[in-house]
Ligand SMILES: Nc1nc(=O)c2c([nH]1)NC[C@@H]1CN(c3ccc(C(=O)N[C@@H](CCC(=O)O)C(=O)O)cc3)CN21
Ligand SMILES: CC(C)C(=O)C(=O)O
Ligand SMILES: [Mg+2]
């Protein structure tokens, strides 16, 4: 087989081209083994800064560092060959200037090998999104509920319930679309607004708590598997319930170690006889 026939990984442009064709499938991924299991089932994996809350026990995403995002981006790249991989830029690594954003995003692409980054923001980030896309960095936008703004918004609350919020999010989505993002995540937004934005923008919308009207869906993998159970937003569905299975495995292991029934002969190295 020629090297030219090897199947290539999906690119940001392939994700963009799915608008109007079929729903786009995405999940977050943070580790190699989970990326391996997910790779054939999703169009893109998002190395989300939600890893701060899901893997590191932080109470928001504000404390997540660029080093954490790069380490997990590298892990996810090692476990995937089909899906497009997008890495979140963490709080503080891109908001200061478009130059800061470019330097951070370039470092993420160079050190992980991923093909795109995501950043939170609407009209105020449009110039940055344009700057990056014009310089070879595909950008996934993120509007609506923006978890990195927790310290000014005060909580994780669904949006688009009054004229002021609707007007802002509508303008934010249009600005990120015009700036050249290849797709836009809409988080925590009422259905009528998500539907309107999806009909108005050129690129696919990827919803999380933003209704089935979006062009695709994304969820946090630990929510999908029922591993993360500290809180359960309305938009989360546990497609499996691994938490009780994991507790049971730990309990059984502890019991068997205490009873000396584990390790058994089949788990034990012996010198060969004779
Ligand atoms: N495990 C996990 N899943 C997520 O979806 C997620 C994270 N972590 N961390 C980063 C952000 C934070 N997110 C959150 C967190 C909580 C709610 C929540 O509790 N929402 C309530 C209130 C809604 C309202 O008042 O309008 C809900 O009932 O959905 C929503 C989004 C979404 N992201
Ligand atoms: C769920 C998504 C959109 C995200 O930004 C994250 O996981 O950090
Ligand atoms: Mg995020």
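For all residues, glycine too, the Cβ spot is worked out from N, Cα and C.
Binding of Mg(2+) is attributed by TrEMBL to 49, 88, and within the candidate set 21, 120, 124 the record adds 120 to that site. Proximity of the recorded positions (49, 118, 120, 187) to ligand 3: a Cβ under 6 Å from the molecule is found for 49. Within the set of binding-site residues 49, 50, 88, 118, 120, 50 have a CB atom less than 6 Å from some atom of ligand 1. Each of 48, 50, 61, 64, 89, 90, 91, 118, 119, 142, 147, 148 belongs to the same chain as 49, 88, 120, is absent from that list, and has a C-beta within 8 angstroms of the C-beta centroid marking the Mg(2+) site. The recorded positions close to residue 50 (3-methyl-2-oxobutanoate binding site), defined as a CA atom within 10 A of its CA, are 88 out of 88, 120, 187. Secondary structure at residue 50 (3-methyl-2-oxobutanoate binding site), taken from DSSP and collapsed to helix, strand or coil, is coil. Once Cβ contacts within 10 Å are tallied over all protein chains shown, the recorded positions 88, 120, 187 are led by 88.
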